[in-house]
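A.B. asks: Below, the features straight out of TrEMBL:
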type: DOMAIN; residues: 264-292; note: domain '4Fe-4S ferredoxin-type'
type: TRANSMEM; residues: 35-53; note: transmembrane segment
type: TRANSMEM; residues: 87-108; note: transmembrane segment
type: TRANSMEM; residues: 156-177; note: transmembrane segment
type: TRANSMEM; residues: 197-215; note: transmembrane segment
type: TRANSMEM; residues: 348-367; note: transmembrane segment
Amino acid sequence: MTAAQDYHSPSEGVPFYTEKGNAKPRAVQGRFRTYKWWLMAATLAWWHLAPFLRWDRGPYSPHQAILIDMAGRRAYFFNIEIWPQEVYYLTGLLLIAAITLFMMSAVAGRVWCGFLCWQTVYTDLFVSVERKVLGDRNKRIAFSQAPFSLGKLGKLALLNAVWLIIAAACGIGFVLWFGDAPHLLVQILTLQAPPGMYLFIGLIGGFCFLLAGYARERVCVYMCPYARFQSAMFDEHSLIVSYEAWRGEPRGPLKGGIQGRDPKEVFQDRGHCVDCQMCVQACPTGIDIRRGTQLACIGCGLCVDACNSVMERFGLPRNLISYDSSYNLQARTAGLEPRLRLVRPRTLIYAAVLVVAGSAMLGTLLMRPDMRVDVLHVRVPLAVAVSGGRVRNGYDYKVLNMARHPRTVTLRAIDPANVSLDVVGGGSGSAVTLQIPADNVATFHIFTTSHSHPEGNEAVTFQLTEPGHPKVDIRNVSFMAQPD
């Protein structure tokens, strides 16, 4: 078998990193290219327009539907409001995202990388701009090899200027998620925004410019950790971009053309692959998919579109390269019927984890209380002896009111009995009234006075209730220390 036919040859001697130039993919048309255009438009629209969505939360609350309010230490997602005390929801969200990614990989390989990853989306956009300015693949190769001239400098300046505009838009889109988008956008464009905001725009835009404009496929091959363990997510039924070697080999150029000839006779004693290199030229990472599954394949399917266009030109069946499983490749090689198995133990486990994690998050969100209490015993001093053989203890009593209206609550110590409360700057007695501002945390300094307890520290139970709302009954257990 010749080198051109060695589609399964190993890669001995290939260094870990090669100093080759960026891949210059050829423009192709087809189903997967259309999918990529639509998904690029959707992801970019979401990134730049979602911060402008409005959501009425009433007075004293922001009306941006999706907002990460760093100053207010709050995150908003439509009707959901996440407080710093609820950072565990972020952990749950990351878990769901990871399991979703694993499930997508088990079903359809690196479909995330090929269609939805931000590196892929922006690299695709930057390459599209490059194609408009410099031309398609052959013209870009000739341009990169041409000697320096004023014309070349002008085109490079134009290309980088457009890239910088896109990168700046990316950076602006990022900061709009952290403040009122319409107001921030006006501030940014009129140069009235804080210096720190321009710093973040520069950082995000700079990374976008460098990674999508110059690093490109190197991010996917060398920098992205997912590429390193992707194969652990696959099994024999995972749909990945595959070359049907049983049908394409032995490959080679077609001599004499096919016009006026029957394709069945022309390809009777040879494979359908005409070794045109179109699949290699269309690949954004520059690999030859005919060598089998590779780390650098991001599963974008552009080689499928390129190959299908060649197959149609020669009157051959489509999908010499296609999304297929290794099981089906072996089945077709043996003349057996291929089958699609989306439901299997691996995907069922991922789906079960997703259901459990999603249900747990949804359940806690729906049932979470709108008021929380933390009690912290003052350490210095732990306890003070007062007249009448009584003991005084101090506490920091924090009430988180997650409702968007002020509330009046009643605090008492219900166990042990005969404990009196004294709120600094407030009332005193067996029960005290506390005013909790809307959408805020109120901290009260409280003293308990009780009879001494010779046996040492004694547990105390605080009860917080809200008149007219019987469901509000929050109890916290602390301790009453005894003086030394």
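Cβ from N, Cα, C; glycine included.
Whatever TrEMBL says is automated annotation, not expert-curated.
Values in this document were obtained by computation on a predicted structure and should not be read as measured data.
Provide an account of the burial state, proximal residues and distances for the features listed.
C.D. replies: With helix defined as DSSP H, G or I and strand as E or B, the domain '4Fe-4S ferredoxin-type' (264-292) counts 11 helix, 0 strand, 18 coil.
Within the chain carrying the transmembrane segment (35-53), a Cβ under 8 angstroms from the stretch's Cβ atoms is held by residues 64-67, 114-116, 118, 121, 124-125, 169-170, 173, 176-177, 181-182, 300-302, all 6 or more beyond its ends.
Listed by sequence, the residues of this chain that lie at least six past the ends of the transmembrane segment (87-108) yet keep a Cβ under 8 A from its Cβ atoms are 226, 230, 233-235, 238-240, 299, 323, 342, 346-347, 350-351, 353-354, 357-358, 360-361, 364-365.
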A.B. asks: Other than its close neighbours in sequence, what residues sit by the domain '4Fe-4S ferredoxin-type' (264-292), given a CB gap under 8 Å and a spacing of at least six beyond its ends?
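C.D. replies: Distant contacts of the domain '4Fe-4S ferredoxin-type' (264-292): 4, 7-9, 11, 20, 23, 25-26, 28, 120, 123-124, 127, 137, 216-217, 220-221, 241-243, 245, 247-254, 258, 298, 300, 302-303, 305-307, 309-311, 314, 316-317, 320-321.
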A.B. asks: Tell me, roughly as an integer, the mean pLDDT over the domain '4Fe-4S ferredoxin-type' (264-292).
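C.D. replies: That stretch averages a pLDDT of 89.
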